[in-house]
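Asker: For reference, the structure I am asking about is given below.
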């Protein structure tokens, strides 16, 4: 569809094949290669010479006409129902009437008839309507036609009088009025239901001056089909049908005709021609030949050829050259030759045809007659047998056929040249005229038997002895020309096939042999097929069976041979493709040149590999390093931070914090320390991380002076590894911050940290967990697949059984069912006949129908409910499967992430290709990756050759992996002997980037498919094509940039704020005495130099109260013990130990102070301040304490904390109340011994404390117990837990009574060896004290029993509820020395074996320690143990908050015990893993 140029169609430019158009016209999308053509076409389109085909509007531009046609097309889609299209197009096609007449006749046809396919309503009753569709229209009967004619005449044929006529007229008028009212009501309902046009109606319809009545429907009868059911109702009268869709008006019809048809000519009688697509779609009958009807269309598609001279010299020129030219210059068409369909009616009466003995077809008869009629045999080939159209089949038109045949044959005879050498040209022209005028087809059919044989026999002699230059028959020439024109056209395939069949029938063997090669095979094949059909028709049934059997065997043999040849050919091709050669020896296209990776100024391209290492490590292990899903570290940002002078402080230190958080919490870093304190206990912040990195990466810790020289001697002899850094880098870190180093030094430190973390147990556990999760996911997947297969197998088996059962019972059920159905039908018919008589039966039937409807509705509701439930279940299963599939894919991807990253492959030049994660987007090419530490070689084998890296190869980084060369073609067998003959050359390590999909496609096209390296690279690149293109797309996203920050100023500000914060907390918590806090803050804010800050830190440490210090800053304070008179020697030893410990503490403190004074960096000062922070007992602070009596905060100056239980009391809340804070240690009333409480009323606390310190002595047994307590405290400190087991100490101290002055105290000893007391009052005191303690302990033990009862009910505690038997684990008692379980603990609780909460907790720890010792890592018992222990901790915190639960976990030693029982040497642990203490 396109606008007309004037009144002629103007074809659009065809699209360019396979090339991108350079110049395109917007509204038609026509493409041009050159600007000249494009501008010329635009200039022509802008002229006002175009006509809209649909509306007829002229003097428009091409775009205006185009848009008007589009608008008309949209209007027709809305306003013209599709069931009228065929009806109107059949009337229009090849019609010579004017447009207005066509519109009127089409409108009248639509208004008086329903169209086939039209959807309307079928009126069954007064209120019931059924949706139906017209299937068939019955023609009008004769009676109806006469009635219609009579109504149209309007005359009265009745012979009655005027009076009768007037009465009859009155009746007729009344009937007409009622009919008109019904029609109006029906029209109104139709108009209500009909679609309203969005366009404006014509003005004629808007005028309300005169009521217009539409024409009535003709009394046709229709077959209709119900839309809801597959039923057809026949012979429905037109009155029972109601049209629901409004028919189109005349304006819409006019648009439709113009839009889809074009008038072929400018005359009044020029026929209308419908578009070819619609003709094919609706199979519209053609009334004329195509080339006569569509000259414009023909001239646009076929350029005009040179016109032949059609007349003889004697004839006059034609008066109508246009028509002659159009008829003579017709295209090659199957209608011209051999594509003839003659009817038997042409050859005369059917009896004569049947009686003729010749069995030849009518076409052959006619050709034989024409041979006789033509004076020269060569004239036969110019005879044309026309194809009769559909109009020829109509009755009453047989008289025109001979004339048409003669006329067409005559025109074609005149239009063709003679192919033979005629001796008299005058005869050639005159004889066909006279004979064609005298003969008729009837005469030709009568004389075919006598006349057809002579020319063939006579014509055969000159054919065999003809001249060497023999011409092909016209049928062959026509086939050649028709094949050349239409061989590639899809719509001409059937016509071309018919032409080939007819030519194969007519041509002889010699003529077929003289055809061109391409056509010769087609015609010969068609000839053999036709011959085969003839032979098949003449065969008997047995011969056919035998022939088919033989054919099948031959076909099988042929297919078998072809399949064998194809397999051999494919195998040879596969083997040829599988051969591999050295890439550099093969020819081919050069690889594309990629650009270098963009790096910031100051960061060389050679360091990009290390940047990718760090970022890829952080990305792959993000589940371990970044569990809180922080924003990721990207390569672009990291490079900017490395190259920035001051702006990279925050970004780089964040990376260091992420790495050190994992390293310092691992067992490998247990022995990392500084000044006697573990690095894991020092606060890790952005400001201390630089110094902590230096301390972690030292090759050895600072030892004592005696060990220092030995360490220095061994330092140089040890080999340098990837997880270590050169000493000169670390020495720079002593005097400068991390962000102040060069880019290369920063990267070396980051890579060393990554390698160090790869050696930790945390990484190993993370990898094992990921692999275990992946294995479990695979198990679940296989189990699900197995279950589905079992279900399918069971369903299939069940279906087979049901089918077998149905086959057995099917026949009997069918017979019984038919009989029952017949009986039911008979009964129903009888019931209907009987019950239709009276009113009662009508009521019954109505009730029965309502019951049936109700039952049917219930059944439908039940089915709907079942269907909805089934759909909901299917949706739930679908979501579950989708979630399981997502979890499976994520688990597999995470398991792959933690494995070693290898390159995709290498190219001919040994360059490696890398694809990293989304944080390092793009496809990277690494050149010059080989260095001196790589021994690149491969081994020769007898069967196959594989290149293996050296076993001693130690990777420089994650880049150095030679997996691409290992056993490249081992699976291809011994036939493929490919050996690499080149090795990668050493050179500068450079990184290139493929950053566009075009470059990737070019790379894939340049890689050789048979190169030993490039074939594998190409295969992997194609496999991961989508992933690579996504990564390339991510590489184009812009970087957000870094937050600018001055690192030195940041460190200075935070050091000031940290100092002020520690001082404030000390004062508020009552942990230190600092005079002039405001002055101290002002002084700190004004400081700039490190030395001044150091003095402030030392002053801060001095202000802390000694008893609130711990770690290396607090002396080992032994409580003064009651001794007997004969224990002076042990007291001297004790004093010596105390002096040694105090000396050690003093020396450690002095070292710390010296380190502060010598600190050269702010991060070092932050670390030393963090040590002070870690040595302060912040849990003893009164800042957040509440009074135990009134539960209120505030009034810190009147709040006192118990040194035993650490609970707070207001001075005035105590009874008796205190009026000032006592000096020294103070115990609350609950922690004081009862005798001391009773005897201390009215006594000063200071005197009592001094008297307690000066009186009494203690036996050696008590001293051993105290030493055990101290060792236990040391164990807590070694484990890095700054908690005191104060409940245990309190329980043991509270047994010791505070004796009165001048009286020897009682001795605390083992219960079995307890000596009898001397004085009765003392015995009474002890009894009272014991009762008091026993009541409190019994309450606590009752709570312990309740906790145990809840633990037994906990669902994850099932492995620990009962003792382990030897049936469950044979070697359990060989590994576990002290078995323990919840049942045993429960029995001990019921028997009263526990004397304190600590004994109960000791057994609980033993249960968990045994589980941890016996079970392997990753087992379900260990996971249950962790959850049960967490539950125990929560219960203890809720019910027994004063009893801390701490269990030390040691993974390496199988013979470990609980923390409070065994004394393990932490130094041996430190020497067995991680850094070497001594080299």
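Including glycine, each Cβ sits where the backbone N, Cα and C put it.
Pulled from Swiss-Prot, these are the listed features:
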type: DOMAIN; residues: 20-126; note: domain 'WAC'
type: REGION; residues: 146-212; note: region 'Disordered'
type: MOD_RES; residues: 152; note: phosphoserine
type: MOD_RES; residues: 158; note: phosphoserine
type: MOD_RES; residues: 161; note: phosphoserine
type: REGION; residues: 302-333; note: region 'Disordered'
type: MOD_RES; residues: 345; note: phosphoserine
type: MOD_RES; residues: 361; note: phosphoserine
type: MOD_RES; residues: 374; note: phosphoserine
type: REGION; residues: 376-433; note: region 'Disordered'
type: COMPBIAS; residues: 381-396; note: compositional bias 'Basic residues'
type: REGION; residues: 448-472; note: region 'Disordered'
type: COMPBIAS; residues: 454-465; note: compositional bias 'Low complexity'
type: COILED; residues: 537-587; note: coiled coil
type: DOMAIN; residues: 605-669; note: domain 'DDT'
type: MOD_RES; residues: 706; note: phosphoserine
type: MOD_RES; residues: 709; note: phosphoserine
type: MOD_RES; residues: 717; note: phosphoserine
type: COILED; residues: 774-809; note: coiled coil
type: REGION; residues: 789-813; note: region 'Disordered'
type: CROSSLNK; residues: 827; note: SUMO2 cross-link
type: COILED; residues: 854-890; note: coiled coil
type: CROSSLNK; residues: 854; note: SUMO2 cross-link
type: CROSSLNK; residues: 1043; note: SUMO2 cross-link
type: CROSSLNK; residues: 1089; note: SUMO2 cross-link
type: CROSSLNK; residues: 1107; note: SUMO2 cross-link
type: REGION; residues: 1231-1324; note: region 'Disordered'
type: COILED; residues: 1257-1284; note: coiled coil
type: COMPBIAS; residues: 1305-1316; note: compositional bias 'Basic residues'
type: MOD_RES; residues: 1315; note: phosphoserine
type: REGION; residues: 1451-1479; note: region 'Disordered'
type: MOD_RES; residues: 1464; note: phosphoserine
type: MOD_RES; residues: 1466; note: phosphoserine
Asker: Determine how many residues of the domain 'WAC' (20-126) DSSP places in helix, in strand and in coil.
Answerer: 55 helix, 12 strand, 40 coil
Asker: List, by number or range, the same-chain residues at least 6 past the coiled coil (774-809) whose CB is under 8 A from its CB atoms?
Answerer: 884, 887-888, 891-892, 894-895
Asker: I need the most crowded of these recorded sites: 854, 1043, 1089, 1107. Count other C-beta atoms within 10 angstroms of each C-beta and give me the top one.
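Answerer: Of the recorded sites 854, 1043, 1089, 1107, the highest Cβ count within 10 Å belongs to 1107.
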Asker: So among 854, 1043, 1089, all listed as recorded sites, which is physically nearest to residue 1107 (SUMO2 cross-link)? Use the C-alpha atoms.
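Answerer: The answer is 1089.
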Asker: Please report the Cα separation of residue 1089 (SUMO2 cross-link) and residue 1043 (SUMO2 cross-link) in Å, rounded to an integer.
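Answerer: Just about 27 Å between their Cα atoms.
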Asker: Using C-alpha atoms only, work out the spacing between residue 854 (SUMO2 cross-link) and residue 1043 (SUMO2 cross-link) and round it to an integer in Å.
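Answerer: Here the two Cα atoms lie 75 Å apart.
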Asker: Determine how many residues of the region 'Disordered' (789-813) DSSP places in helix, in strand and in coil.
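Answerer: Summed by class, the stretch gives 25 helix, 0 strand, 0 coil.
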Asker: Work out the three-state DSSP category of residue 1043 (SUMO2 cross-link).
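Answerer: DSSP assigns residue 1043 (SUMO2 cross-link) to coil.
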Asker: According to DSSP, which kind of secondary structure is residue 1089 (SUMO2 cross-link) found in, if we only use helix, strand and coil?
Answerer: coil
Asker: Which whole number is the mean pLDDT over the coiled coil (1257-1284)?
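Answerer: Summarising the coiled coil (1257-1284) by its mean pLDDT gives 41.
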